[in-house]
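What TrEMBL annotates here:
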type	residues	note
DOMAIN	B:36-65	domain '4Fe-4S ferredoxin-type'
DOMAIN	B:67-96	domain '4Fe-4S ferredoxin-type'
Ligand code: SF4
Ligand code: SF4
């Protein structure tokens, strides 16, 4: 047995887009334990609910995360709508689904880029982000924002997409699909990428279940869990099956996310074909009273929204359990026994989003 | 496993040239709906205070007695909630980004209303 050394990893590290600190206990080059500490970007957004009324808080909720911003707003709005017994128009449900899937697309493209960057494959990183730009442009045209959209509101959505634009989105996505299938072949087939990802950080199905992994992390280990199957928003009317892999290594997690990119494209097309005409928003009167739990599928996994309201315009409590938080125990498990040089890739494969973990 | 899976994309990119825009020589036009600066048509404002009450960041201040409407541009998060609730529709969101600012000041707009002299009212408006 070699001598144990502790190497601090982060909070500032080239592969980390956001600050998380890990104390890596090493024996030679092998990690035997990883001790995480978070708390570098806590912003107190849950506490802010005492100062902002429940309508203003929609704008706070979507600022919890810069990547799944739409789905944070949506989770919050769905909770408040359920407490108030508001049924939003069907068109709004479909529009929310389209934006949610576009968010998944742009989040997964961002992640693919970051993975390529962690592997040292810079041109692949730039091409992934170049493609992501097309999705951001669709967002800017339809919601007015590139990453923070302010388009989801209690009672529906604030902006409509006309049929011309829907057609245009369809044709942009056709081009996008063609280009993205070229790029993703590199992630799945290129020898240098495979050497870095295959067989690395294996998380068994039982371990994923015991540690409460969510999202692509759990699905890559063969756990059939996808909140979209519960049929919230318009998902109940769309055809989709969760994408599963069984290997549970970094390659499987990459492959799940890549297949989800194509699944999202398919879901958006289904939405565009099925979207009904009509209103996009209903007027919401009064204040909410009661409590509610919402579960949504974000790009990184399942998010829980708990809202408790007391009948005034200020809510009692908002609590968010974000997917990265749920995936950290699984990450620590996969880190055990890996080489120091593989740590950045392993951390990236959970797609960490620290600012929503800390809020 | 393959070794040259990236080659096709790379060769295409060489012939395509840069995908980026050569700012500031070339400018990328914003979309008509893009979010930008909040503009006010102060002549129409009735100083009801709705925009200030609803603004999530408290960026807007209103002095009804002095007919003054002011906005702290650095606080504004460009959510356009104010322009939605304004009963007179005098707030508008332009699609240009807010210009960089060097100090944290409030932009003030006044409309000194002189009740029976509309002509005069227009002249004074915008003078401060
Ligand atoms: S809501 Fe409109 S009319 Fe009322 S104070 Fe604000 S800008 Fe003026
Ligand atoms: S756009 Fe939003 S943040 Fe800015 S002044 Fe209007 S309400 Fe306030």
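Note that the numbers count up from 1, one per residue, in the order the chain is shown.
Here the Cβ of each residue, glycine as well, is placed from N, Cα and C on the backbone.
All TrEMBL annotations are machine predictions without curation.
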Tertiary contacts of the domain '4Fe-4S ferredoxin-type' (B:67-96) (same chain, 6+ residues out, Cβ under 8 Å): 30-48, 50-52, 54-61, 104-113
Beyond the flanks of the domain '4Fe-4S ferredoxin-type' (B:36-65) by at least 6 residues, Cβ under 8 Å: 30, 71-73, 75-83, 85-99, 106, 109-111, 121-122, 125-126
Counts of helix, strand and coil residues, the domain '4Fe-4S ferredoxin-type' (B:36-65), according to DSSP: 8 helix, 7 strand, 15 coil
